[in-house]
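See structure below.
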Ligand code: GP9
Ligand code: MN
């Protein structure tokens, strides 16, 4: 040790600075490789991951370069280094327990996290963790014993500025690459994994701090008085239930099936293959759509914006809109108060509540917001066997997803409220490369459009298999099953390629057509009911919650919901889009142009009377959106006292060790247990689940293929 020669370079300020920067970069990369699971998919993403610690490390450390006094400069440098290390290390340990990164809100409530961890906190530390701090200790020691000498010469301000500027430039380059690889990274903020993967932990934390500050400001300005305006609006907008429908599903389980990216035009749609043979895309969903036990809607619209799936979830479970910019789930999910479906059903009817989704729990901040929605259980990717063969970038594919969900579902106490979020039918609708390949591709100039039908067909089969299981296990008869499409699958920018496939012409395609394409499926299947049918009411996702609650026999008057029961005689025949566009049975007002639904043509010179009518509708649409934004931005529901609901305390919720808890509960309840498992004499029903690949369902298709290829070979 004594003879250890310190290279001269390290005895300069710049040298010491560089050493710290390199060391931190190494630590950071090591953590990326060994601790976090960031789902890197391409060489480009590896490259971005590799460079992303550099910019912020340089920028932060460069602060010390501006300090002229020797000791103070070294202390500042070491202090910054220490803080960055602590931040990295805290994220490492937090991730070990929560598979997530630390937000500012988590830091502010750190006491609660520690409390929740209790004894297990110590287990989060590994002996090798010394690696994160050893260099700090050694360097500190070397400075104090003068092994490394402090350089008395201050760094020139110009040089310090050059380093900071370089850091900013590297950051811009990093950001550019990130946005190219994942557009909307900062505006849509999908998940914390993404931000870390693309920009690093320091940048993620800074970004989160800014967002947290912004939302805290608006929230601080809101007051209980603002609630009055909201209550008045809701009272005036309320649509009383239809007596014939109220309570027809009382006490039943609720099973929401989220049909990812499924548009209404897929219903009853048949895709022609290259030989002109027609293939029904969603035969099973169609059979449900036309079933006498199903209340189907064919003028039902999605209302999402940048928050896509998560906006649909907000709309369906809270009867409020998402935001006009960014994702509500990520911006407010960790702090707002809700009157959400799971909580209402739990508190008023004793429902058990659970979500199933085969993607990481922090995507769209679900692991936070679900607690505030009152979800008892959230089975995220960590509960599923997800591997390279059965998954893609958004998680587990639908067939194994539904199949593997059965082992958990059978242990839920009934009645339960549950949501299954499928995902395989997601952009970019990549062709299956395994035995699930086989459904024909469409033949348009757009690959994305071409693949859409095959993934939708896969989703259809997955749902069919799940229904079969529900029937076999006995759950079916006790349940209301709601199928809904969350948003478009083919974006407006691609609709021209789709035009010919939906009986239109690409060259005359316009915004009127775009607007019509925003219809999504919505069906409420109630086994035992016989007077279902296709309802033509114009409605939208915001209407789902009051509709469902009324079917379950729950009065909604005391809740703050902006939608209306679709069965109510008072339901307004109208759907409002998030951007202020709207749709009625007569008119389409989309992107600022008014169209007549019958002629499908723009109305350029409306009569005075019509104009007044449209103005009135526009006012109504804007009012609904404005009230929603007031509630969400100001977190106004924390002031609402009339709901009769006890406030939700998110720290009462945990999504760890769910299975152990369910089994324990079954045991405690004994013969009072209402889970399917218990009702089946404590025998699992999982074996009743049957799943097969496309090739297994269509052995004839494969034969055809081999015959054609052999005949071609000849
Ligand atoms: C991800 C999935 C997809 O978990 O729900 O979300 P989307 O991209 O459709 O919003
Ligand atoms: Mn979606």
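Cβ atoms here come from the backbone N, Cα and C positions, even for glycine.
What TrEMBL says about a protein is an automatic prediction, not a curated fact.
Copied from TrEMBL, the annotated features are:
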type     : residues           : note
ACT_SITE : 309                : active site
BINDING  : 260, 309, 486, 487 : Mn(2+) binding site
BINDING  : 426                : substrate binding site
COMPBIAS : 693-706            : compositional bias 'Basic and acidic residues'
DOMAIN   : 252-554            : domain 'Sulfatase N-terminal'
REGION   : 693-714            : region 'Disordered'
TRANSMEM : 47-67              : transmembrane segment
TRANSMEM : 74-95              : transmembrane segment
TRANSMEM : 130-145            : transmembrane segment
TRANSMEM : 157-177            : transmembrane segment
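Confidence annotation: the domain 'Sulfatase N-terminal' (252-554) carries a mean pLDDT of 97 in the model.
A 10 Å cutoff on Cβ-Cβ distances gives residue 426 (substrate binding site) a total of 19 other Cβ atoms nearby, all chains included. Between residue 486 (Mn(2+) binding site) and the residue listed as 'substrate binding site', the C-alpha separation comes to 11 Å. Here residue 260 (Mn(2+) binding site) comes close to 309, 421, 422, 423, 424, 425, 426, 459, 486, 489: these same-chain residues lie at least six apart in sequence, with C-beta atoms under 8 angstroms from its C-beta. All chains included, 24 other C-beta atoms sit within 10 angstroms of the C-beta of residue 486 (Mn(2+) binding site). Each residue in 258, 259, 261, 262, 302, 304, 308, 312, 426, 485 lies on the same chain as 260, 309, 486, 487 and has a C-beta within 8 Å of the C-beta centroid of that Mn(2+) site, without being one of the site residues.
Packing around residue 487 (Mn(2+) binding site) is summarised by its Cβ count: 22 other Cβ atoms lie within 10 angstroms of its Cβ, all protein chains included. Counted within 10 Å of its Cβ, the other Cβ atoms near residue 309 (active site) come to 25, all protein chains included. Residue 309 (active site) falls within a helix when secondary structure is assigned with DSSP. DSSP assigns residue 486 (Mn(2+) binding site) to coil in the three-state reduction, placing it in neither a helix nor a strand.
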